[in-house]
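Enquirer: Residues annotated as (6S)-5-formyl-5,6,7,8-tetrahydrofolate binding site in Swiss-Prot, with sequence analysis given as evidence: ARG20, GLU78, ARG116, LYS550. Residues annotated as domain 'TrmE-type G' in Swiss-Prot: 212-478. Taken from Swiss-Prot, the feature K(+) binding site applies to ASN222, THR241, ILE243, THR246, supported by sequence analysis. The GTP binding site annotation in Swiss-Prot covers 222-227, 241-247, 266-269. What Swiss-Prot records for SER226, THR247 is Mg(2+) binding site, and it gives sequence analysis as the kind of evidence.
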Amino acid sequence: MSTIYALSTVFGKSGVAVFRISGPDALRALELLGLDIKQPRPRFVYFARLFDEQLLIDEVLVVYFASPASFTGEDVVELHSHGSIAVLRYISEKLSTLFKPAEPGEFTRRAVLNNRMDLTKAEGIIDIINSETQEQLKQASRHLSGKLAEEYNSLRDKIIKVLSYLEAYIDFPDEEIPETVLAEIQQSIVAIQCDISRYLADGKVGEKIREGFSVVIVGKPNVGKSTLFNYLAKRDLAIVTDIPGTTRDILEVRLDCHGYPVILSDTAGIQETCDAIEKMGITRALKKATEADVIVFLRDITELHLTNVRREDVANSVIERHLDRQVAALGSREHIQIDQRHVDKLIGSSDWAQEMQLNEAGVRSKNMNYPDIEERDLNLRDILDERHEEKDRSVMCHDMMQEHDPDNGECSDDVDRRFNELFTAAKKLEIPVVKVVTKGDIAPTQLSFWQDKGYICISVYKGEGMQLLLDKIFDIISSSNIEAHIITRARHRLALENALEHLRRFNTDLPIELAAEEIKLAANHIASVTGEIKLDDVLDEIFSSFCIGK
């Protein structure tokens, strides 16, 4: 085995840097660097001066770990210097003349090969290094403590016990073995299958804790998706404008939600569009939502909610308040209109609807003190015809008049249909949907309406309702955390699935040798998780994710 070396700390300016040398010739590093340390005692710290001829390069500390009582199971020397770039380069150049630079994870790989740890403990090390939240650290600590290995070894021991009975049948065919033994073997195999099936039915919580729970924000354009995204990210990652369709692609940020890792995604607003790029963004948004662990569905509190309204005066009041808020927010930049056919559909009257729209000229004139706008409003005698001529300057409110709650199957347009399809898919896939209404500070009188419909009301501007939203997301993702989960990687899951498949193939009607082979293969798959059976391709995959020097 060759002797390897690596800088175990970050290359750059720092207070302390640590070099690690492991292998049969590790002690030769002291001579190579000209350090005046003779026959060092294991686990003692030695002070030495590093010279280049007569020039003092640095003052260092040296620790020697003798085989096999070291991290790698080999002789190991650790050299602690100051984190000067010049010093690090000098030491690296010296060590490279005699030793081989370590590959990523090579120190830990040698520890596994020398039986200093199993694969799950090695994975625990890299997970601790990569952990960003408390739950990730707790899960990684279970690996490092050996508890995960205990679970897999216990499962393998049960399979080996069954295999030993079958081997007895094979090795001693002339002996009289009670027929009840085969029945007991069958019962044991069924019990093991139940254990593995239970482990597999964990909702992939272990992988999600390690990689992050996916939380996707969806909604129409300009409902506040990017504003909420930036608020939770605590920095401006998404561009926020009042121009619909600003967000085209998916933006992601990692968050710590009360100890749980969350990957929050901002998506394109769902609307009807002729823009090819925006269409692609909408398609991606809907696809991302169906792959999420939690969907956060946003609506604007200023949306009209005329569903089930049958009184003309109530509907008129709702629309007036809505337009008044919209005009105040938009100023003279936009022209606001109502699509009469949807008012008719909900209210059942056309006479008062058009009259109400004409009366709104006064509301708009009061809020827009600009001569050109005032003149325009006073001539809104044919508001519906003008909508077609000024389509590019209109705020179309008709698509706001129908509720798009997940439990509502009615569709008034293509946008409604796409939302309903999304919520139907989410229900089938058991993806929780958190309903949120934004801009609660604009219309506080309408909060109760939305709260009664199960919405969380927030105001990013005032920071209101944000903790309630985070608590709701936390409740959902934390409820999936099963303390007994033992799968944290895809390779663990694959090993258990393969083992379960071989156990299911076991059949006492088969020749006993073939039946025993299925059990043996099942045991081997379980053993591959901890590394009892070391496969080169498995080792390569695991340690390639390690940093150099670990």
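In case you wondered, yes, glycine gets a Cβ from its N, Cα and C as well.
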Enquirer: In which DSSP state, out of helix, strand and coil, do we find ALA268 (GTP binding site)?
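Expert: ALA268 (GTP binding site) sits in coil per DSSP, no helix or strand.
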Enquirer: Using DSSP and three states only, what is ARG20 ((6S)-5-formyl-5,6,7,8-tetrahydrofolate binding site)?
Expert: strand
Enquirer: Helix, strand or coil by DSSP: which one applies to ASN222 (K(+) binding site)?
Expert: coil
Enquirer: Checking the binding-site residues ARG20, GLU78, ARG116, LYS225, ALA268, which are within 10 Å of THR246 (K(+) binding site) at the Cα level?
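Expert: The binding-site residues close to THR246 (K(+) binding site) (Cα within 10 Å), listed in sequence order, are ALA268.
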Enquirer: Return the count of C-beta atoms lying within 10 angstroms of the C-beta of ARG116 ((6S)-5-formyl-5,6,7,8-tetrahydrofolate binding site), excluding that atom itself.
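Expert: I count 18 other Cβ atoms within 10 Å of it.
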Enquirer: Quick check: of the binding-site residues listed here (ASN222, THR241, ALA268), which one has the Cα closest to that of ARG116 ((6S)-5-formyl-5,6,7,8-tetrahydrofolate binding site)?
Expert: ALA268
Enquirer: Tally every other Cβ atom lying within 10 Å of the Cβ atom of ALA268 (GTP binding site).
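Expert: Excluding its own Cβ, the number within 10 Å is 27.
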Enquirer: What's the CA to CA span in angstrom from ASN222 (K(+) binding site) over to THR247 (GTP binding site)?
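Expert: That separation, Cα to Cα, works out to 10 Å.
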